[in-house]
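**Q** The domain 'ABC transmembrane type-1' feature in TrEMBL is assigned to 98-311. Annotation source TrEMBL lists transmembrane segment at 33-58, 102-123, 135-155, 186-209, 242-265, 285-306.
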C-alpha cells in the first residue's frame, strides 16, 4: 500500500483555521428567525390596517353600509377628490387641513430648534447644579401629552386663564382675548407644542455634544478660537447629521400630532386649528364618512413617507461624496 504525500499547504494550515465542512459551514439563520416575531407584529399592527384603509378609501362606506363593509359600493377615486375639494362639518377640506398641518409642523420645528440647541449648550459644561438643571429641562418632555394640553387649555381660557391675565397685566393684550376660538387658536396650538416638544431637540443635541471629544475643544482654544468660532466651526458641523434626523422626526411628529389639538379644542376644532389628523377623525367618527377618512389617511401616510425617502437619499449622496 502506497502512502500519499501531504502537501506543504496542508501542513502549514493549522487545524483550527481549516474550513469545516457540512452544515456548520453554512451561514447561521438564527438572526432571521429572531426577527420573525417583530415582522409578524409590524405586519399585524401596521400592514393589515393600512391595507384595509386603502381598500376602504375606494368605498362609499358610512354608518349605513358599515355592517356589510365588504359589500359597500365601489366609488373609485371619488373619495380622494371629495376629500381634497369638499369641506367637512366646519367647512375645512383636506387641502385646508394640509396647509394648517404644514404651517404648524414647520413653524413649531423652527421655533424649538434654537431653544433646544441653547438649552443643550447650557448644560454641556461642568458646573454645580448641572444635573438638577438637566432634570428640570426634561419635565415638559416626560409629561403626558394629554396632561400638557389640558393644563394649557385652562391657561388659555377667556378672561379667567393665566395667559389672558398676564398679558392684560403687562398691557400687551386685552383680558377678553379668545385663544381657543378664531385666529388665535393656531398660535395657542403652536405655543403649547413648543413648550411640550423643545426638550426633544435638547436631548438629541446634548447626546451629540457629549460625543465630541474634549481634546477637539482644547485644540481649538490653543489655536485661539472663541466661543462663537467653536460653535460654528466645531459643534454645528459635528451635529449636522444628528440635527437633520432630529428635525425630520420633529416635523413628522408635529405633522401627525392628534392628542394636543384634540384636547385643546375638542371636535370640531376651529378652522385655523383643523390639522389633518383632526380632520380625519371628524370625517370618520363624527360625519361617519369612513371612505373619505380612509382616503385622507392614505394621503397623510404618503406625505409622511416623502421626507423620509428624501432624508435617506441625502444621506446616501453624502456618503458617496465622502467616499
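Cβ coordinates are placed from backbone N, Cα and C, and glycine is handled just like the others.
If you look at the structure here, what lies around each of the features I listed?
**A** Here the transmembrane segment (135-155) has Cβ contacts under 8 Å with residues 119, 123, 161-163, 180, 188, 191-192, 195-200, 202-203, 259-264 of the same chain, all six or more residues outside its ends.
Counting same-chain residues at least six beyond the ends of the transmembrane segment (186-209), those with a Cβ under 8 angstroms from any Cβ of the stretch are 100, 103-104, 107-108, 111-113, 115-117, 119-121, 123-124, 134, 137-141, 143, 145, 148-149, 152, 156, 179-180, 235, 238-239, 242-243, 245-246, 249-250, 253-254, 257, 260-261, 264-265, 272-273, 275.
Within the same chain, residues 101-102, 104-106, 108-109, 112-113, 116, 145-146, 148-150, 152-153, 156, 180, 185, 188-189, 192-193, 196-197, 200-201, 204-205, 207-208, 236, 273, 275-278, 281, 300, 303-304, 307-308, 311, 314 sit at least 6 positions outside the transmembrane segment (242-265) and bring their C-beta atoms closer than 8 Å to a C-beta of that stretch.
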**Q** Using a Cβ cut-off of under 8 Å, list the residues of the same chain at least 6 residues beyond the transmembrane segment (285-306) that approach it.
**A** 50, 53-63, 66, 69, 72, 75, 79-80, 82-83, 88-89, 94, 98, 252, 255-256, 267-268, 276-277, 279
